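One structure below.
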Amino acid sequence: MAFSDLTSRTVRFYDNWIKDADPRVEDYLLMSSPLPQTIILGLYVYFVTSLGPKLMENRKPFELKKAMITYNFFIVLFSVYMCYEFVMSGWGTGYSFRCDIVDYSQSPRAMRMVHTCWLYYFSKFIELLDTIFFVLRKKNSQVTFLHVFHHTIMPWTWWFGVKFAAGGLGTFHAFLNTAVHVVMYSYYGLCAMGPAYQKYLWWKKHLTSLQLVQFVLVTIHIGQIFFMEDCNYQYPVFLYIIMSYGCIFLLLFLHFWYRAYTKGQRLPKTLENGNCKSKRH
């Protein structure tokens with residue numbers, strides 16, 4: 001009886017909550033309910049932390065050089081496209097970089113932003129291949145809690161962003177992230193091409209700097225909300241989530257920077273058997 005009552009309450013809560021969702025995204029893939037993505041992400045976590053390493057335990061690492069080169073440069077091109085779409089749907093065509101609320105209209109620009117937000121959300125599922133490649137190549141030391149957490153929480157939280165607030169100032173971090181990914185995945189693609197291309201990777205330290213700048217800009221941009229009394233952004237809870245996420249990763253990268261470049265400890269080699277060792281965010 002108690003379980004039945006709890007179930008009924010949960011269903012009523014979900015129905016009351018979901019009625020405020022943006023109807024424009026109802027027919028997009030994975031957007032009808034959070035359940036499909038939760039299942040996918042649950043299977044991902046199970047595979048990369050348990051099943052995958054067990055299956056690979058007595059097997060030789062897969063040689064995935066061509067697949068990784070193709071994958072990384074595909075992400076570069078996809079990120080260029082998404083960055084351009086973010087610019088054309090708001091960030092370069094009218095957004096003020098301050099209190100930009102969500103446009104829920106059916107205007108071409110608003111619908112373009114909706115589509116771009118969904119593309120960014122979907123790209124996070126493609127990027128799960130980062131970890132799967134680690135597992136298949138038996139690079140289990142790179143499958144850290146931070147890595148898996150990042151790749152799991154990003155698509156899961158972005159489902160709610162697309163479902164309720166596809167646009168406005170809450171998308172700045174996505175716009176910035178697509179630009180950063182163009183540089184990052186270019187680096188990973190060159191890494192995957194082998195030792196012959198190591199001479200082109202002298203800018204590894206600047207890659208970490210770029211990621212730090214990304215988190216600083218995201219934190220500053222979202223932090224403006226505390227100083228704008230008349231900002232009527234529709235879902236401020238998303239801004240708190242974004243700011244918390246930005247602050248967490250800013251601190252983590254500052255720690256990495258201090259340990260690697262300031263304290264004087266040696267960095268992991270840029271290449272190990274032709275493959276990169278680097279943070280991916």
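Quick reminder: no glycine exception, Cβ is built from N, Cα and C everywhere.
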> Can you tell which of Cys99, Cys117 is bonded to Cys231 by a disulfide, based on Swiss-Prot?
Replying inline: Cys99
>> According to Swiss-Prot, motif 'HxxHH motif' applies to one of these ranges: 107-111, 112-116, 147-151. Which one is it?
In response: 147-151
> Looking only at Lys124, Lys139, His147, Lys204, which of these binding-site residues has the biggest number of Cβ atoms within 10 Å around its Cβ?
Replying inline: Lys124
> Which whole-number mean pLDDT does the model give the topological domain 'Lumenal' (94-115)?
Replying inline: 97
>> If we skip the immediate neighbours and take only residues 6+ beyond the ends of the transmembrane segment (172-194), which ones have a Cβ under 8 Å from one of its Cβ atoms?
In response: 65, 68-69, 72-73, 75-76, 79-80, 82-83, 86-87, 91, 97, 117, 120, 158, 200-201, 203-204, 207, 210-211, 214, 217-218, 221-222, 242, 246, 270-271, 274-276, 278, 280
> Gln211 (3-oxoeicosanoyl-CoA binding site) has how many other Cβ neighbours within 10 Å of its own Cβ?
Replying inline: 24
> Going along the chain, which residues at least six beyond the ends of the transmembrane segment (28-48) come within the CB cut-off of under 8 Å?
Replying inline: 118, 121-122, 125, 128, 131-132, 134-135, 143, 148, 151-152, 155-156, 159-160, 162-163
